[in-house]
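I have placed the structure first, in the form of structure tokens, so that the comments after it can refer back to it.
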Amino acid sequence: MAGQGTTAATAPVDTARRAHAGNGKARALIGPGLRTFLIFAVLVALGALIFPSSYFYRVGTLVWINTLAVTGIVVLLGYVGLVSLGHAGFFAIGAYATAIGPNYGIPSPLAMAGGVALAGLLALVVGRPILRLSGYYLAIATLGLGMLIWMVLSKEAWLTGGPDGMTVSGMNARNLFKLVGLKLKSAEAWYWVAGFVAAIGAAIAVNLANSPSGRALRAIHDSDVAARSLGIDVARAKSRAFVISAIYAAVAGALLALANGYITPETGGFMHSVEMVTMAVLGGAASVFGALVGALILTALPQLLTVFADYEHMVLGAIMVVTMIAMRRGLVPFIADLWNRRKS
Amino acid sequence: MSELLQFLISGITVGAIYAAIALGFTLIYNASGVVNFAQGEFVVIGGMTAAALIGAGVPVWIAAPLAVIAGMLVGVLLYRLAIRPAGQAPLVSLIIITIGASIFLRGAMQAVFDKQIHRYDGFSGDAPLRVGGATILPQSLWIIGGSVAVFAFLAWFLNRTRAGRGIRATASNRMAAALVGINTGRAMNLSFALSAAIGALAGVLATPVTFTSYDVGVLMALKGFSATMLGGVGSPLGALAGGLLIGLIEALTAGYISSDYKDASAFIVILLVLFLRPQGLFGARIMERV
Amino acid sequence: MRRQAVAAGVSALAILAAAPAIAEIRIGASLAVTGPAAFLGDPEAKTLEMLVEELNANGGINGEEVELIVYDDGADPNKARTFATRLIEEDEVVAVIGGSSTGATMAMAPLFADYEIPFISLAGAVVIVDPVQEFVFKTPHTDRMACEKIFADITARGLSKVGLISGTDGFGASMREQCLDVAEGSGVEIVADESYGATDSDMTPQLTNIAATDGIEAIVNPGFGQGPAVVTRNYAQLGLELPFYQSHGVASDAFLDLAGEAAEGLRLPATPLLIPDQLAEDDPQRQPVQDYIAAYEEKYGEKPSTFGGYAYDAFHLLVDAIERAGSTDPVDIRDALEATEGHAGVTGVYSFTPEDHMGLDLSAFRILEVADGGWKPVEE
């Protein structure tokens, strides 16, 4: 049956190994997590340097928020190999908790934390039965879960504003910077916040990959049974990955709600879940840099394609199909392979 | 009592459409192990093509087969251009490929047809028939009859014809099938073509009742999934039963519980089936390969 | 390490700039041209493009040409907000028409307050203009008004017990809420409340339940797209004879095509676009309605829809305001908009004030009844 075949399962390990090969001493001083954070920080700053207007900051903010959400997918899909078609549901939980909280007198930061906790808790509880499944069954179960979350958000209008959505009042990033005496425009402020959080998220994910837990996750990717024979508690490890990825999605959702000032149930819909997974596999599900590249391309694409708006769906669909056929492991590994081949 | 009857009629009509979609899923899954997320788009292709042709004056009995053929062609193209080149791709790649294909097809239909909603008259008129205090549209009978006919055809085809057995052999072990001289490539092409034809036929039959437009395929595919899961992936009887059951569950939920969460019932069913009995009603026990 | 360097390189390279165009007066639009709300956005976009062409052919505004920049947000609030930012910052528009859906409108609205650019929304929910936002206007009637108009007709027929069957899409859900809200004040009692999914194919269970409700006297169906047509057909299939009302969301000939004979006798609140030839000679809307229909049919070969009409009015209101303001400063335009009085459009006759950014009252709606496959106004 299809669904097997090697993936980029060993890729994070390769990265780590190659990294430790080269100039060993310098590498050893800065751990992979910190290194990732610094690279992200440089990219964030690079954007800020060249962006000429709020519009760019706005798109940039979306890219970093998406990167954060997709990093969670990388942990689940890239590290462990589990496909979820419902993660937008967790994203939406984070977003809506942040939106609803202030209506009941809960300040934004607390509401945000509550949403993230709720998403994590849901992932923990629902994860147990769901993660016993595998392959298509798992994908479809997560799809069902995501759809149910989306439906609840659409129907319970008294709480969520219904299909039209609701306004999100709450902390403006600008105020954060005012505290330290910096005057920034709203779009700029959000860009820095989103970039910072994405960078931290990436660093955590990379550290996870290089930790014993991370190695356990990757062992599961290759084979459940083999991992179990090594003494790994497979169910617990999968659950951990599921919860972690849900948390990433929820934090990203909360940030989006605040940055947009408005939220609708579509953020929890099937198409958004598909988008998240596509961003991961497009860039390369094995690494957080793949997440960044995938998020960048799919977020910037509609902006670049405005002339072809009528054909946007066809282009998007075609990209999805062609990438999976021609660049199975994603863009970043593909280009890296070309590079390596050129060198030898 | 007549209320219950009305609910049942509603459930079976809609369920027959889900059953047709589920049969299409099952056929492709059986042959290639791929869950084809683009299945709903075949339904739309059938309906939109028929609507366009009939709108241009083509008589129904020519437009309908043409629409089905159009669907078939797209099915074969899907296999040749998107699935076959992927080879033994990992699961997530196949999922993205078929979802990408469905997005592509939706965009193509916006471009080729339009963004409006379309309909044409029922094949035997639109005057409702009275049955024991409830009413049923003649077209509903076409839909139900169509799904049962498809099922019967598949049952015969897969068991009694060489081509059909070739598909089943390819499904169970491609290499072995090739070794005994079965043209596995043709078997795959055929299963995709058939599956698409089934979907297109469902669209052609259903449009007088459900209307058609370029984006109704997504939710239909998801409900068709649910039906497949409930009935048991890989079992044509399961697809038929699952589809009808999902339709009934929805109608009864709307009638007796709350119409608000009627849509949710399909997804609750998916989760319950997967948690409690993943092989569904008629499917084979799932074995994990080491 | 290679991988990370490559990724960093790709990221940096992928940042492209959008080059702004150079024209005289720039008006922006973010509409749902494709996607689930294309029903709304497509005719809106077509209408705007047609009007801009016509305007420029006649010399533009005060001699200056107008450039229209349209983005397709697919009713996605995220995209809408990004495009709005782009329109304001990159394309440097003086005003924006758009937001085919309420979600997209509400996501964009804060930006217009920030940048002080006037925005005319084409979406239906009352929340867009209540509370009034300084730079946000809208041309469609609110869903609240539609409920009030329908209920007024119901009570005029001596009826009061109403059953609702609503679509769960944004339009249907929002209007249902408004109907529940204004019911008591309008002398109506809601005795049944069912719903259906926007793409559902059979609503006979819901209608059966409503019909079986004690003392039911009329049925109202908030929704748009194909749902109401299915409900209408089911209604006829079940042989129901209760007075049946649709919403302004389906006030179009396309709806009659889909619903067929089943629609005979139903009523809905609509704009005069559907009865161009039945308008009185002295009706101020007669001219704009007939002009719009003629021009749209000539250019696109099909009849315009109510939604296109919202865009038509928004554009003319804007042009009129720019002409009156005598300047292209966005704040001046906004002030001129607020001073609009008695502007006869295809949707109604508009008069804005600083407190009323919607500009219409109930008289802008006409109750129409379907008779012999066509529309007939019901005497008030």
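Note: Cβ is positioned from N, Cα and C throughout, glycine not excepted.
All annotation found in TrEMBL is predicted automatically rather than curated by experts.
For B:7-29, B:49-79, B:91-113, B:140-158, B:192-214, B:234-257, B:264-287, the entry in TrEMBL reads transmembrane segment.
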Stretch in B:49-79, B:91-113, B:192-214 most in contact with the transmembrane segment (B:140-158), if contact is a CB pair under 8 A: B:192-214
Leading stretch by Cβ pairs under 8 Å, where the reference is the transmembrane segment (B:7-29) and the options are B:49-79, B:192-214, B:234-257: B:234-257
Same-chain residues near the transmembrane segment (B:234-257), Cβ under 8 Å, at least 6 residues beyond its ends: 3-4, 6-8, 10-23, 25-27, 29-30, 147-148, 151, 154-155, 158, 223-224, 226-228, 263, 265-266, 269, 280-284
Beyond the flanks of the transmembrane segment (B:49-79) by 6 or more, those residues with Cβ under 8 Å of it: 36, 38, 41-42, 101, 105, 113, 118-120, 123, 188-189, 192-197, 199-201, 203-204, 207, 212
